[in-house]
Amino acid sequence: MDIPLLLSRQSFVCQSRDICYPIIIFTTVNMFGRVATVLIQFLILANAYAQTETEPPTTLTTKAPTTTTPSTTTTVVWETETLNEGQAIQKALQYLLQHRQPDWGWGNDTHHVMLTLQLANNTGKEIEQQGLEMQLSAKQMEIEILLMMSKHHESPPPLGRLAAYTLALGALCKDPRSFHGRDLVAALLHREPPHDLEFAYATLAACSSAAHVRRRHIRRLLDIANAAADHSLDTISMVILALRCVVQDHRHRSLIHFVRRPMAGLARQQHPDGSFGSLTTTALAIQALEESESGAGGPGGAGHQHWSLPAARKWLLERQHADGGWGDVAGTAAAVAALTPASLAAVRPPHCSDKLLDTRHEPMDSNGGDGSLKLAYQSGHNNNDSDARNVSFTYTLWLGTNVTENYTLYMVAPRNISFYHVMRMAAEQDPKFKFEASEWPNGHYVHTLAGHKEEPMGYHYWLLYRLPEVPDPTSPPGNQLVAPVGVDDLLVEDGEHYLFWYKKL
């Protein structure tokens with residue numbers, strides 16, 4: 001007579017992404033190795049187990065039981081099945097929350113995780129509103145941004161991290177152009193990175209954050225797209241995402257024709273196993289190409305016939321580890337972002353639209369205009385007066401003829417403000433920019449900055465330059481770029497760069 005041995009394990013089944021029910025699986029193993037499985041599902045109140053995508057589900061540990069009998073040893077191997085996308089996302093979100101550090105951040109990946117959590121959120125509100133822990137994580141991210149920006153005198157903030165922070169702030173319905181008195185978007189747009197991937201990432205972040213996307217930036221994106229064969233798959237994916245953001249303005253809809261070719265080329269790079277190479281490359285390609293399934297150029301136009309979205313998603317799902325992650329926090333965040341309905345092409349949630357004032361009125365033309373997308377944030381009321389809009393610019397200090405010290409502030413100020421007022425604003429932001437000036441009938445004369453006073457006997461003076469781009473110590477500006485007027489009469493302009501240089505004449 002067979003003596004059955006009763007084994008059990010706990011698991012769960014999900015009706016949707018939001019509702020999961022616990023189940024217990026009983027397995028009987030008899031002396032002859034025959035296995036029979038009975039699945040009992042306990043119906044418990046659904047709302048007791050309802051979970052949002054950003055709240056960690058109840059931890060359910062599944063372990064294979066180990067049982068030894070006197071007469072024989074039976075090894076039970078549980079067959080693991082690939083989770084569906086909803087289950088995989090929930091398990092990955094739990095993994096991310098479990099790897100949150102004591103300071104409520106995720107180390108160098110805080111921005112990526114916060115962006116991913118918001119992309120995976122379908123509650124119609126910011127994740128900050130869903131609990132104290134998420135508020136603490138959001139504050140930790142803000143602290144990281146402020147620390148990064150405070151080190152500008154040592155070196156400019158890394159462009160990739162700055163773009164990621166900007167995207168995360170935009171996803172949380174925050175204004176990156178007015179972040180504790182700092183303009184993160186200006187910091188992005190005032191630097192022309194030599195690497196095309198960084199450039200596309202920065203442009204995507206600026207466009208997604210309701211900022212200016214200048215005509216020359218759009219042209220560079222198009223140049224990269226037209227030479228797709230010369231660039232990496234990551235670069236082409238990011239360019240496609242940036243252009244997808246740009247063409248959301250109806251005045252730039254015609255640019256979609258320039259996007260279809262690189263999308264088709266990227267689609268053809270899919271491997272037979274469904275991937276595009278590495279995990280991060282596949283995740284980014286999915287976000288760039290999934291638009292072709294639902295409208296990036298329409299059926300037959302953008303390359304959907306050249307690739308399989310289900311195969312790419314399946315490849316990702318099959319590589320999810322038992323703990324819910326994809327190896328580490330960064331890889332998990334990338335995979336989840338690819339599996340969620342939202343993507344980097346549109347990080348700002350629809351419910352944030354009431355915080356924007358649509359002023360996109362400068363199409364790409366050849367009449368000498370800037371040809372940029374213009375979006376300004378509303379501050380509680382509509383204001384269509386163009387003179388009331390803010391301008392963004394940089395203010396730099398150089399010390400020494402050979403530039404031994406270099407400090408830069410990325411600033412935003414009201415239009416038609418004098419540079420003297422800008423200097424007072426900068427001095428409040430950073431002690432390095434404190435100054436002293438003598439008052440004369442024709443205005444203020446600045447003689448001391450950053451603790452360095454002019455030395456007429458040694459021919460050391462402070463000179464103010466007005467520049468079209470961020471000053472580069474390896475290529476200092478000529479004297480023809482010295483400001484023609486004093487600090488009181490010089491009005492700051494959008495997109496310009498101002499340099500005070502302490503040098504020997």
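Along the chain as shown, the residues are counted starting at 1.
Yeah, the Cβs are placed from backbone N, Cα and C, and that goes for glycine too.
Note that TrEMBL annotation is computational and uncurated.
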*Could you check which of 46-66, 361-381 is flagged in TrEMBL as region 'Disordered'?*
361-381
*CB neighbours of C245 (disulfide bond) within 10 A?*
24
*If one looks at the chain holding D234 (cyanocob(III)alamin binding site), which residues at least 6 apart in sequence have a CB under 8 angstroms from its CB?*
L197, T280, T281, L284
_DSSP three-state assignment for C207 (disulfide bond)_ = helix
